[in-house]
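Here the structure comes first, spelled out in structure tokens, and everything after it is commentary.
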């Protein structure tokens, strides 16, 4: 009984750890600009001026009227890479 409970807790801990670690490993860390964010269009413009795809105000607590301006990364997935100039040499 105690072993089953320990294994359940261990499994849940590993799942939570993986859920936190996977975005970091894949490089999908979201950048947030310093200061408060009250206007989403200003946040979007600020992110675009810094080279990001865009941005949005993200509330850090429930019921908060302000948040942080977080930017969307401006890179493509490696899966979307297509090239027609691949040479296959069968020598």
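Every residue gets a Cβ built from N, Cα and C, even glycine.
Positions annotated as disulfide bond by Swiss-Prot, on the basis of similarity to another entry: 32-71, 37-57, 43-69, 47-70. As annotated by Swiss-Prot, signal peptide applies to 1-27, with the evidence given as sequence analysis.
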Cα distance (Å, whole number) from residue 32 (disulfide bond) to residue 43 (disulfide bond): 10
Inter-residue Cα distance where the pair is residue 69 (disulfide bond) and residue 57 (disulfide bond), in Å: 5
For residue 70 (disulfide bond): intrachain residues, at least 6 apart, with Cβ closer than 8 Å: 30, 31, 32, 33, 43, 55, 56, 57, 58
Winner by Cβ contact number (other Cβ atoms within 10 Å) across the disulfide-bonded residues 32, 43, 57, 71: 43
Rounded Cα-Cα span from residue 71 (disulfide bond) to residue 47 (disulfide bond), Å: 6
List of residues, in chain order, with Cβ under 8 A from that of residue 37 (disulfide bond) and at least 6 apart: 43, 57, 58, 66, 67, 68, 69
DSSP-derived class (H/G/I helix, E/B strand, else coil) of residue 43 (disulfide bond): helix
